[in-house]
Amino acid sequence: MTEKLLHFIRTKSGSMHWWLQRFLAILLAPIILYLLFDVAIYIGQQSDPTVMMFLNRIFNHNSIFIFITSVILIWHVRGGMEVIIEDYVHGEKTRIVSIFLIRVIAIEIMEYLYKCSIIF
């Protein structure tokens, strides 16, 4: 069993990337549903809900949870965008530059989220 797993990880095919995308999607589904239900229940309990109350509930009540969800979501989007570029961009230089830029943008967004999480 361990040998099969190690062989699966070491292969240079796209199967590991495919499995990571599916895992992140499955991981994101219940997290986002939880956040939506949590906010819906909270707003339903308020007599006069406002946007600030909504944002306060999301970012102050679940700040670590939001940070982790954002990182997972950004990683999932980055992987999906790379697959789209690999499949539909035909110029080699354009493909390499596009993938590089997507990775840089994803890292910058995660750095920004980290800095924001320290502030809050």
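The backbone N, Cα and C atoms fix where each Cβ goes, and this holds for glycine too.
Per Swiss-Prot, these features apply:
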- H76: heme binding site (BINDING)
- Y88: ubiquinone binding site (BINDING)
- 1-17: topological domain 'Mitochondrial matrix' (TOPO_DOM)
- 39-63: topological domain 'Mitochondrial intermembrane' (TOPO_DOM)
- 86-95: topological domain 'Mitochondrial matrix' (TOPO_DOM)
- 18-38: transmembrane segment (TRANSMEM)
- 64-85: transmembrane segment (TRANSMEM)
- 96-120: transmembrane segment (TRANSMEM)
For the topological domain 'Mitochondrial matrix' (86-95), what is the mean per-residue pLDDT, to the nearest integer?
92
Work out how many Å separate the residue listed as 'heme binding site' and the residue listed as 'ubiquinone binding site' at their Cα atoms, rounded off.
18
Any idea what DSSP makes of H76 (heme binding site), helix, strand or coil?
helix
Using DSSP, what's the helix, strand and coil tally for the topological domain 'Mitochondrial matrix' (86-95)?
7 helix, 0 strand, 3 coil
Which of H76, Y88, the listed binding-site residues, has fewest other Cβ atoms within 10 Å:
Y88
Give the nonlocal contacts of the transmembrane segment (18-38) in its own chain as ranges (CB under 8 Å, at least six residues past its ends).
57-58, 61-62, 65-66, 69, 72-73, 75-76, 79-80, 83
